[in-house]
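In what follows, a single structure is set out as structure tokens and then discussed.
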Amino acid sequence: MDYFPIFMKLQDQACLLVGGGEVALRKARLLRSAGARLRIIAPELTPELAAWVAAGEVEHIAAAFRPEMLGHPQLVIAATNAREVNQQVTDAAKAAGIPVNVVDDPELSSFITPAIIDRSPMVIAVSTGGKVPVLARLMRARLESLIPAGYGALARFAGDWRERVKARFSQVDERRAFWEAVLQGPLAEAVMAGSDGGDVEMDALLASNARWHAGCVYLVGAGPGNPDLLTFRALRLMQQADVVLYDKLVAPELLELVRRDAERIYVGKARADHTLPQDDINSLMVSLAKAGRRVLRLKGGDPFTFGRGGEEIDTLAAEGIPFEVVPGITSASGAAAYAGIPLTHRDYAQSVVFVTGHMKDGSFNLDWPALTRPQQTVVVYMGLSHIQGLCDGFILHGKAADTPAAIVEQATTVRQRTLTGTLADLPALAQAHGIASPALIIVGEVVRLSDRLAWYRRKPAGG
Ligand code: SAH
């Protein structure tokens, strides 16, 4: 380790900042958020710094730095754009034994400042020893996306309960097991989401052993297939589940992101091969959760859009099992974006309808007059196996045979294929290209825009 990390208490401590420009402003913000009493030495200040001075929140000495101005601060930061001045500040501070940082100049600094992820009271600091600040910032961006914004609230909550938990469990091991269960369970999720029922629930958990061993179910939308389109929340829950129930729609690259030692259970649900009937999936979730496991029910797209998510949590609600639902990008949104088909481009469509092309008892059971309205885009889920009947239906109910129509296979994944045509020729096109499930059919004038707006996996011009 080239640098020893510490967290320094600055509440009400005098800190000196030399410089009054944008860089100084950034440092001033940070020092103030740590509660420092700030003195700034600079001939001139940015308007924001000047406003703090005017409000009496920050002290300002309007002059160029001279060594005798140093005083006795806890630490010094030099943020001027003149190296000689920064050098003077450093020399003075080092002579007085005061920690000093020169912004972006590790050579002149006795300490360096890390990239920070602030979930106070939890703070994460990342440093590359001043060697590759950009890398530290990239790492910070990754951590920001993994650590929920509510983590600060959770840390404060856990801090408030610390003594009572200690009193309840005298053994360290017991205590750790309790905290591990609580901090990764539904109560923690509720606290992070801003619920104020946390204290009542915590009381109940401490009162009963059975309760904090209880499991829960996360019903998570995994999006249309591209891992980049997961939500932060989906990814986090995927990484803390004990067991995952997934079906055919969940792309393999998504499954890769589930916690490595989580048990994986395939529950099928491709249209024609119902590996497990819905009732069995429901009761499997119930029994796993009752056995104390954190169950991840991972579904393609959005769980509440043709996903039977409602039925699945209905059973959980009836059984009193804690659950939460995480929305996902539904495949219609994914396909539209990645195929360059704006579903409601205002020149062409004022509404969009999502329907299922799944047949029941040999017929579509669709509201054709509603589907064939002008100025409307229709997206058909699960329509591939009856594409001929569907396209015929549109024409039969009044749509022009040359209405633009598209089919998007495996949308958003590296395997995506998009075919565009008309209601009249789309079925033959799909067949000729061997389009397979999952695929969406999009009908409406907006499909025309795909030629111009498609960007994903498009060959370079002239290529
Ligand atoms: N809950 C899912 C839909 C489940 S129904 C969602 O919100 O997207 C299954 C149908 O969704 C498939 O038959 C297909 O029509 C569509 N689908 C799901 N993922 C898809 C993808 N990556 N590309 C194209 N269609 C997809």
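Yeah, the Cβs are placed from backbone N, Cα and C, and that goes for glycine too.
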Which of A193, A336, A349, A411 shares the S-adenosyl-L-methionine site with P224, G300, G301, D302, M382 in TrEMBL? The record says A411
Apart from E22, V23, P43, E44, which residues in this chain have a Cβ no more than 8 Å from the mean position of the Cβ atoms of those residues at the NAD(+) site? G19, G20, G21, A24, L25, A42, L45, T46, L49, A79, T80, N81
Looking at Cβ-Cβ distances, which residues of the chain lie under 8 angstroms from P43 (NAD(+) binding site) while being 6 or more apart from it? G20, A62, A63, A64
If you run through the domain 'Sirohaem synthase dimerisation' (150-195) with DSSP, how many residues end up as helix, strand and coil? 37 helix, 0 strand, 9 coil
According to DSSP, does V23 (NAD(+) binding site) fall in a helix, a strand, or coil? helix
